[in-house]
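These come from TrEMBL:
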DOMAIN    1-118  domain 'Thiamine pyrophosphate enzyme N-terminal TPP-binding'
DOMAIN    193-303  domain 'Thiamine pyrophosphate enzyme central'
DOMAIN    391-515  domain 'Thiamine pyrophosphate enzyme TPP-binding'
BINDING   ASP426, ASN453  Mg(2+) binding site
Amino acid sequence: MNLSQVLLSALKAHGAREVFGIPGDFALPFFREIESSGILPLYTLSHEPGVGFAADASARIRSTLSVAAVTYGAGALNMVNPVAGAYAEKSPVVVISGAPGKGESSAGLLLHHQAKTLDSQFAIYQEITCDQARLTDARTAPAEIARVLASCLRESRPVYIELPRDMVAEPCEPVVALGEPVVDDAALDACADEILARLAAAERPVLMAGVEVRRFDLEAQVAALARQLGIPVVTSILGRGLLAGHDAPLAGTYLGVAGAESVTAMVEDSDALLMLGVLVSDTNFGVSARQIDLRKAIVACDSEVTLGYHTYTHLPLGRVVRRLLERAPSARQVPTLPPPSYPHGMVADDAPIVPGDIARGINDLMARHGVMPIAADMGDCMFTAMDIAHQALVAPGYYATMGFGVPAGLGLQAATGERPLILVGDGAFQMTGWELGNCSRFGWDPIVLVFNNRSWEMLRTFQPESSFNDLSHWDFAGMAKGLGGDGLRVETRAELAAALEHAVATRGRFQLIDVSIPRGELSPTLKRFVEGVKRLSAPGAR
Ligand SMILES: Cc1ncc(Cc2c([C@H](C)O)sc(CCOP(=O)(O)OP(=O)(O)O)c2C)c(N)n1
Ligand SMILES: [Mg+2]
C-alpha cells in the first residue's frame, strides 16, 4: 500500500466513514488517492469553514472521529475557526492538510500559500488540536498516524496531520492501532469509592450529564448509573438531549436563570453535584441564579476527577463510570420525575410568527411524521431548539460560532443518511448557507428553517441602541431555486404549518422555509437568558 491508502485505511479503522474536503495543488495528489482508492467516500464543499463544520457534525452524531481534508495555507487557515470550535466542544475531527514537498520546501523560494514560515501553519494548528504529525518519512508514518488517531479518540479533540504532496504515493507499512491507555486500577477504585461516599453522605445529590457522555458514547451506562444510585439526572446545555431515549430519571436541561425553575433549583440546591463530562463554561454556568460551589461538586472531565481541592488524573470518563457501576450499591428507589415538557399545538392562524411558534410547529411535525436529526446555528434558533422535544441536536452551544448550522446539517445527512432539519438565522445563513448548492450533487435534501428577523437580533438584545444590527430583508426563498432546492417565504403561522407539511412530503431537493419574524421577537429561552445575564451582570448582583 502507499502512504495515502495506509492513512485512509487507518482512518476508517478508527471510525471515519467519509472525508469532507476542498483540494488545492498541495492536496491534489492526496485527493486523487482518496478518489481512486474508494476507501472512504469524498464530499467536497464550497468553502473550508463548511468543510470543518460538516466534519464536526459527523463526528458528534456518530460519536467517533471524522475527517476534514484541505490544501495548505489558504485552505487550512480558512478552517481554523471550525476546528477551534471542535476543540472547544470536544469533537474529534482529523484535519489533513496537503503541504509542499521536501524539494520545494528547500528551494529557497517563498512558496504560494505560505504565510510567515513553512512551520507557521503547524504552529497555528498546535493551538487548536490535541496532537499533530508531519508525515515526512514513510518509515515512521504508521507509528505517527497511530499515535495521533489514538489521541483524537482518547481526548475527543481534533488532531492535525500534515501530508507533503511528494509523500502521498510512497510505499508504506500499515498502521498498527495503539491499545487502550493503561489506567491505575487502585486510583480508579479510590476515586470511585470517594465519589460514592460523597453521594451517600449527601441529602440532595444530582447527576449532571455533559458533552463527554455523548462523545464517549456513554449514555446507556450513565442512565444505568443514575438508576442504580437512585439520583435525578439533568443535562448541561451542550449535553442537551442526552439520555432522552434511555430509561433515566431525567429532569431536563440546566440553563440557570434561562431554564426551568425546578431544574435550576435542583442543581443549585444540590449538596453533591456529580458532573460527568461537563465543561465548566460560562454558557453552562454563567447564568446560574446562585453561584454553584464547585468545591462541593464532583467534576469528571478531560480524564480528570476533581473533588473539592484534589484531583485524580489519567482516569478516562468511561472507566470512571464503569467502575462506579461496579461498586455502587443499588438504590432502594429511583426518583420518579415528570418527563421534561415541550410546547406543542401551534395555532395555524394568520398571526405573525415568533420563535416559540417554530418550536411548537416542529414538535407537532415530529409527533406526526417522526423525528429528524437537528443542526442548529448560533443565534435565537439555538435557543429555540431548547424547546424542541427531540434529542439528536448538534449546535455550537459553548464555542458559539455562527456558520455551523447549514454545513453541520449536510454533515448529518452524509454521516447518517437521515434527512436533517436545519435551524439557522438570517445572519448566519449569509455566512455558510450557500453550501446548500452542493445538495443536489450528493442527494442531500435537508429541511432548512431560516429565522429571518432581518437582524443580528442576539446582539441587539445586548445593545439595542446600535443600528448596525439591522440587516436588510434578504430573499432566501427566492435564492433557493438557483441553489437546486425549493424555497418558500412564510409570514403567518398558517403558512408555516402548511410549508412544514409540504417540506416533509417533498424529497430529493432541499426545502428552504424563509420564516419572517418581526424584529425584536425572541424565543422564551433567549428572553430569559438575556434578562438573566443583565440581572446577574448588574453592579452588586453577585
Ligand atoms: C462567526 C461569528 N461571527 C460573529 C459572531 C457574533 C454574534 C453572536 C454571538 C453572541 O457571539 S450572535 C450574532 C448575530 C446572529 O444573527 P442571526 O444569525 O441572524 O441570528 P439572530 O437574529 O437570531 O441573532 C453575532 C454576529 C459569532 N457568534 N460567530
Ligand atoms: Mg437574525
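Keep in mind that glycine also has a Cβ here, set from the backbone N, Cα and C atoms.
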* Neighbour count (Cβ, 10 Å) for ASN453 (Mg(2+) binding site) -> 26
* Can you count helix, strand and coil residues in the domain 'Thiamine pyrophosphate enzyme central' (193-303) using DSSP? -> 40 helix, 21 strand, 50 coil
* Structure fact -> Counted with DSSP (H/G/I as helix, E/B as strand, rest coil), the domain 'Thiamine pyrophosphate enzyme TPP-binding' (391-515) has 59 helix, 26 strand, 40 coil
* What does DSSP give as the helix, strand and coil breakdown of the domain 'Thiamine pyrophosphate enzyme N-terminal TPP-binding' (1-118)? -> 54 helix, 20 strand, 44 coil
